[in-house]
Amino acid sequence: HISANIMQLHHSKHHATYVNNLNVAEQKLAEAVAKGDVTAEIALQPAIKFNGGGHINHSIFWTNLSPNGGGAPTGDLQKAIETDFGSFTKLQEKMSAVSVAVQGSGWGWLGYDKETGRLRIAACANQDPLQATTGLIPLLGIDV
């Protein structure tokens, strides 16, 4: 269970700030491109990565939530979890361990590896987006 206060904070403060700051950075980038100012374009990349990543990560996070959520998955996802981790409980344990090990701010992720056709667990620092950082397709994110 995640409290309403935590969800409100994540939506109204964190996610909204990432979107607003990304919009500002994209506007500055457009101006730099129009001027041919490559130095400014390069200088804006960290802000675009951080705020764009925060927007992407939180957008995925919202899709992972449900008022009636919880419990083990069924169907193809259940089969993939059992194949790649042994059981849903083992997946939970590994996800928790990887997420807790993140130093400072970051994300624990369950992702799909298109090259191997397998599920993998990964962590990303700060707001680094999973797919851009690891190539994995994000399925479930834990904000830490």
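The backbone N, Cα and C atoms fix where each Cβ goes, and this holds for glycine too.
Listed in Swiss-Prot for this protein:
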- His10, His58, Asp143: Mn(2+) binding site (BINDING)
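Overlay of Swiss-Prot feature records on the structure.
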residue: His10; record: Mn(2+) binding site; CB count, 10 Å: 16
residue: His58; record: Mn(2+) binding site; CB count, 10 Å: 20
residue: Asp143; record: Mn(2+) binding site; CB count, 10 Å: 18
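Highlighted in sequence order, His11, His14, His15, Gly54, Asn57, Phe61, Trp62 have their Cβ within 8 Å of the centre of the Cβ atoms of His10, His58, Asp143, the residues recorded for Mn(2+), and are not part of that set.
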